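Working notes, structure below.
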């Protein structure tokens, strides 16, 4: 297996060698997800792909870590392919791959997630994006791929009926990763967040994050004893400003959003200095 060195932590234009690359593949839907294996199918012919993913469904856990319980890794097989199944979260999977299993990837790919990861909301809650951010924080360029699901109930259904959509998505994964390997990872970017519409009618669009993906709501129900319990639920946002990831997906374009780990609000520093009389 060909190993690559991690890039400098400073965002820069990362170039790749001409050797067969090593790609670490993970996700948050679990090691048995059809989306994960669609990504594998897109990559394995021209890259050494190491699969290390959660053993179970871990959607919406963001970049959380398992620090109060031990982590176990088992090997699982899919045909003649061996993968690592981690009894933890997506971020745990990345950390164990890098620091326990000795994987030295040239690039980390997270996905294909079943369901879009758009807007401020998804970036901070998505386990798919969280895994990519974790890899980037350790110096590895990372790409998160997600497929739009118009009916959110499909998120947790048997995904085999999405085979036709995964076929198109595999082409996107293959093209995006080949472009990166041939031309280099973009400067000042830690993670590329790629969202694929359920039906592609346009091309690539470079976007920025919308504010919302969902209209947040809470559904109250009663258990058999009359005690209330709640589901956090709500419909998808139907539109967003031009140039945002949500708007691009609604147009049928493939949204590519550059993400950085630096969450500092630089534009707010002057107001903070005035607030604390530091001018």
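Note: Cβ is positioned from N, Cα and C throughout, glycine not excepted.
These figures come from a predicted structure and were not determined experimentally.
Per Swiss-Prot, the candidate among 59, 64, 93 that belongs to the divalent metal cation site alongside 28, 29, 113 is 59. Least packed by the Cβ count within 10 Å, out of the binding-site residues 28, 29, is 29. Taking each of the binding-site residues 59, 113 in turn and counting other Cβ atoms within 10 Å of its Cβ gives the largest count for 113. Apart from 28, 29, 59, 113, the residues listed for divalent metal cation, the same chain places the Cβ atoms of 27, 30, 33, 35, 57, 58, 90, 111, 114, 115, 126, 127, 128 within 8 Å of the centroid of those Cβ atoms.
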